[in-house]
Amino acid sequence: MEDNTTYIFDNITVAIPDITMFEFITEGAILTLLGIMGIIGNVISLIILSKPEMRSSVNCGLQGLAFFDTIVLVSSVTMLGLHKLGYKLAILYRYTFEIFPFVVMVAYPIGLIAQTGSVWTTVGVTVERYVAVCHPLKARFLCTYRRARLFNLLIVVFAVCYNIPRFWEINVTEVMDPLTNSSVYIAKPSEFRMNKLYYKVYYIWLYLFVMYFIPFLTLAVLNISIWRAVQHANKDRQRLTRREEKEIGLAMMLICVVSIFFVCNILALLINILELFDLFVPALVRVSNLLVTFNSSINFVIYCIFGQKFKKMFLYMFCGFRRTKTKVLQALCK
């Protein structure tokens with residue numbers, strides 16, 4: 001059972017529920033730790049992928065993905081992690097009840113912009129791998145670094161334009177804490193957000209199509225095609241050129257990225273479908289938020305496992321494996 005803290009504002013009593021221990025552990029402690037680790041991993045990924053030796057169309061897309069995922073994690077930590085910790089930890093009390101409501105007005109729309117960018121960058125990188133593996137003759141023309149940069153820019157523009165209404169979804173209200181006789185602030189949905197037409201059309205249906213139905217279907221179809229092409233190529237592995245082996249290796253890495261994306265986001269899709277029927281299961285939401293945070297944190301590990309070139313550059317830059325620079329660069333160019 002949740003405890004309630006009562007606040008009074010303009011002679012109106014406002015009950016603000018305390019959080020459960022499950023919520024504190026999942027969205028507070030674990031999410032914050034996971035988010036901070038993910039931010040570090042994504043920043044390292046950005047540094048490595050931006051090196052001239054790593055320049056390629058697929059790595060340009062992965063740079064965009066790391067950029068968006070970093071913003072998603074910063075938003076998650078500030079909106080969920082630190083906020084939840086502040087209910088139980090005195091050191092973060094001021095953040096939760098004084099600073100957070102103003103932070104969330106910015107972090108909420110920015111986080112959704114980044115989430116949209118992350119989803120569609122995943123789609124974009126998948127399209128690039130599909131062309132490279134299934135239509136290699138067209139890849140030299142279509143899969144260029146310049147086109148990848150342009151695609152990243154278009155995703156940014158789309159993500160910002162689609163999420164502009166989010167900036168008007170939250171209001172901040174000042175209330176009195178009768179226990180301390182001091183003002184605290186709470187964030188609550190605005191009248192704009194509570195509009196029934198807006199809620200049904202934009203908040204529910206459009207969000208489902210833009211963030212789930214269309215990208216999920218696209219990713220499923222393209223990755224099945226990529227998987228079949230990889231399986232076919234592996235049967236004649238001795239005939240593969242070095243370039244073809246490299247493309248297949250990158251394709252397998254991307255299949256892993258997309259598989260984790262599906263696993264971590266399928267629960268969020270279920271929650272949004274349940275919301276159509278006014279069904280809300282708090283425990284599912286907590287787990288879903290944790291899975292989405294995990295999804296934005298794990299790609300660095302995947303790159304280290306599957307990306308030989310990425311791993312060599314990481315070891316050279318951060319782990320003291322400093323052979324002569326010439327030998328390292330020769331290894332990276334293979």
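Each Cβ is built from the backbone N, Cα and C atoms, and glycine gets one as well.
Automatic prediction, not curation, is the source of TrEMBL annotations.
According to TrEMBL, the domain 'G-protein coupled receptors family 1 profile' annotation covers 41-303. Taken from TrEMBL, the feature transmembrane segment applies to 29-49, 61-82, 102-127, 148-168, 202-227, 248-271, 283-306.
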Return yes if the transmembrane segment (61-82) and the transmembrane segment (283-306) have at least 3 CB pairs under 8 Å (sequence gap of 6 or more), otherwise no.
yes
Mind checking which residues reach the transmembrane segment (102-127)? Cβ under 8 Å, same chain, six or more beyond either end.
58, 61-62, 64-65, 67-72, 74-76, 78-79, 83, 148, 151-152, 155-156, 158-160, 162-164, 166-167, 169-170, 172, 185, 187, 210-211, 215, 218-219, 222-223, 226, 254, 257-258, 261, 292, 296
When you scan the chain for residues with a C-beta under 8 Å from the transmembrane segment (202-227), skipping those not six or more beyond its ends, what do you find?
115-116, 119-120, 122-123, 126-127, 129-130, 133-134, 162, 165, 193, 251, 254-255, 258, 261-262, 265, 268-269, 272-273, 275-276
Could you give the residue numbers and ranges of same-chain residues that sit at least 6 residues beyond the transmembrane segment (283-306) on either side and whose C-beta is under 8 angstroms from one of its C-beta atoms?
22-23, 26-27, 30-31, 34-35, 37-39, 41-42, 44-45, 62, 65-66, 69-70, 72-73, 76, 80, 115, 118, 249, 252-253, 256-257, 260-261, 263-265, 267-268, 270-271, 274, 314
Which whole number is the mean pLDDT over the domain 'G-protein coupled receptors family 1 profile' (41-303)?
91
